[in-house]
Amino acid sequence: MGRLNGDVQENVLVDLIKKAGGCAVVDGGFSTQLESHGACINDPLWSALCLIKAPDLIKRVHLEFLEAGAEVLVTSSYQATIPGFVSRGLSLEEAESLLTQSVKLAGEARDKFWSSVKRKSGHNYNRALIAASIGSYGAYLADGSEYSGNYGPNVTLEKLKDFHRRRLQVLVEAGPDLLAFETMPNKLEAQACVELLDEEDVPIPSWFCFSSVDGVNASSGESFEECLDVINMSSKVTAVGINCSPPHFVLGLIQRFKERTAKAIVVYPNSGETWDGTAKTWQPAKCVHDEFELLATTWRDAGAKLIGGCCRTTPSTIRSISRVLKDRTGPDF
C-alpha cells in the first residue's frame, strides 16, 4: 500500500465506507458465538484460547458473521498477548505465531466467502476488511480494569508502549487491512498506542474504540474531550468511537463525538447485558436484540460510519443491522 510522508495514502477503511453507501457493517460478539458452538473460554485468554485449541471454530465464526452481512471482521486477538501466551508455557515464537494465525484465519474466511459471493450476479456485498484487534492492557490483566482504566500508579506511558509494541509489530506484519484498538479505558493508553503508530510508522489505518460506564465519560472518568484531543492529533487514526458499552449510551456519544472530531465514528456496543465479574454471570439487558434494527438506523443518521456489535450480540444481530443499513432482502436475509 502506497504512503505519503508517513501517512496512509490509500485508506481502505475510507474506501469501504464509501462503497457501503456511507455506513459499513462490523461483525458481532465473537466470544458469544464461540460459546454458542460449545467453546469453553472462561479463561484469562478468553476467546484467544481458541487460537490454541480450536482454530477451525474461529474460522467458522468469522464465516457466520460474513454470511450475516459483516463488512469488517475483527480478529480473535483481543485478549491474545505475548505475555499471556508465554504464561501458559508457550515459547515466544509460538506466541507470535498465534497472533499471526489470528489474522490468517480471518483472511481465509474472508477469501472463502468472497470467492463464493463474487460468482453470483447481482450480489451487493463488499469484500470485507480484516481488522486486527488490539485489546487494552486491562483486557490482558483480565481483572475488569478495561472497564475502569485504573491501572495503578506503576503503569506509565512507557510501560504501556512496551506492553503493546511487539504485539502491534507482529499483527501489522501479518497483513491485516487495519488495526482495531478496542475498549480503551483511559487517555494514557490511547496516547501510548497513538505514539506507537508513529514510532513504528504503521502503514495501515486504525480505529480506536473507548469503553464507557456512564455514557458521558471514558471508563476512567476522564472526559472524551481529553481522549479525543489525543486521537485528533494522529493522521494514522481513521475512526474513533465506542465498543462494549450499553446500546442506550451510543446515540448521545455519537453526538458528543461528532462535535469534537472529524474522524469517522465507529460504534459496536454490547447487547446491554452486563458482566458480573464476581458471580461470573451476565445480568439482564436494558436493550433486546430486536432493537438493534431500529437503533442502527438512528446511529447511522446521527453520523456513525461503522456499526456492529460486541459482547452478547450474534450473527442474527448483525443480520438485522445489515438488513436495515443495506436494504438487503432475499433468501440469506
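Placement of Cβ uses the backbone N, Cα and C atoms for every residue, glycine included.
The following features are taken from TrEMBL:
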type: BINDING; residues: CYS244, CYS310, CYS311; note: Zn(2+) binding site
type: DOMAIN; residues: 12-325; note: domain 'Hcy-binding'
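All features noted in TrEMBL, drawn onto the structure.
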residue	record	Cβ neighbours (10 Å)
CYS244	Zn(2+) binding site	24
CYS310	Zn(2+) binding site	28
CYS311	Zn(2+) binding site	21
Chain-mates of CYS244, CYS310, CYS311 with C-beta within 8 Å of site centroid, Zn(2+)
GLY29, THR183, ASN243, SER245, TYR268, PRO269, ASN270, SER271, GLY309, ARG312, THR313
